[in-house]
Amino acid sequence: MWYFLNVIFNILNKKIYNYFPYPYFVSVIHLFVGVVYCLVSWTVGLPKRAPIDSNLLKLLIPVAVCHALGHVTSNVSFAAVAVSFTHTIKALEPFFNAAASQFVLGQSIPITLWLSLMPVVLGVSMASLTELSFNWTGFISAMISNISFTYRSLYSKKAMTDMDSTNIYAYISIIALLVCIPPAILVEGPQLIKHGFNDAIAKVGLTKFISDLFWVGMFYHLYNQLATNTLERVAPLTHAVGNVLKRVFVIGFSILVFGNKISTQTGIGTGIAIAGVAIYSYIKAKMEEEKRRGKAA
């Protein structure tokens with residue numbers, strides 16, 4: 001479900017940027033729709049709103065700030081370059097994650113795990129190299145989003161208290177929305193009022209414009225909700241690799257939908273990436289098993 005919602009989100013998102021290239025504003029809409037969804041869910045009691053205290057708020061603010069920064073920079077990249085190119089760069093996330101786990105959290109990541117991450121990154125890079133709409137804005141923004149999301153993952157683990165992940169994600173969305181509004185007004189406000197909205201409505205009509213923004217926000221919220229629920233059940237590095245495999249899906253579907261021709265290199269690259277993820281998962285599972293055996297003994 002996480003992959004499926006993510007594919008739909010990515011395709012709809014890029015279609016919006018093709019006629020409405022305002023990533024800061026669209027990022028705010030993504031979060032705004034999600035926050036409204038959370039408030040409605042709380043009102044009807046599905047789930048029940050968990051009370052928040054100042055201690056938890058202190059834990060969640062860094063998560064939300066990283067979430068907001070990673071989200072906006074991803075969208076700047078999506079708007080600037082092809083979807084598949086952004087996902088290529090974002091495939092480096094497990095590397096950043098492994099590095100942060102080792103150097104920030106002080107966990108030792110064995111050399112075998114480092115090696116198994118190499119074909120993942122290489123494969124996804126190969127899969128997308130055939131479609132290079134390279135520009136620096138797209139590249140640098142995607143790299144900043146990698147670092148932001150890596151820190152979000154680490155802070156999230158610290159903040160995984162007794163509160164369930166659905167409530168945690170709701171609070172993160174609310175704080176992230178407040179963080180994203182000021183830069184959107186500063187960076188894009190004047191252009192939007194002058195011609196941004198009018199241009200979009202002239203191209204697709206008011207109804208389609210509003211429904212596109214509503215649905216892209218819904219899919220964004222739901223796929224993140226599922227990703228958060230997944231993170232609760234797995235280690236950050238495993239989550240990061242799940243993310244890489246998700247990118248292979250997104251890249252494949254975006255190539256189909258936007259009509260890009262697929263080269264042999266893309267096929268081979270995708271295969272290498274999937275093989276890398278399989279090797280990584282196998283090594284990780286064996287290590288977990290040995291840990292458990294050690295504890296049992």
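If you go along the chain as it appears here, the first residue is 1 and each next one adds 1.
Including glycine, each Cβ sits where the backbone N, Cα and C put it.
Source: prediction; values computed, not measured.
Looking up the ranges 86-103, 266-283 in TrEMBL, the one annotated as transmembrane segment turns out to be 266-283. Among the stretches 20-40, 136-155, 206-223, 244-260, 266-283, the one making the largest number of Cβ pairs under 8 Å with the transmembrane segment (167-186) is 20-40.
Listed stretches 136-155, 206-223, 244-260, 266-283 were compared with the transmembrane segment (20-40); the greatest number of C-beta pairs under 8 angstroms is found for 206-223.
Residues 2, 5-6, 8-9, 12-13, 15-16, 20, 26, 29-34, 37-38, 173, 200 of the same chain lie 6+ residues outside the transmembrane segment (206-223) yet bring a C-beta within less than 8 angstroms of a C-beta in it.
Distant neighbours of the transmembrane segment (244-260): 2-3, 6-7, 10-11, 14, 82-84, 87-88, 90-91, 93-94, 120-121, 124, 127-128, 131, 266, 270, 273-274, 277; these residues of the same chain sit at least 6 beyond its ends, with a Cβ under 8 Å from one of its Cβ atoms.
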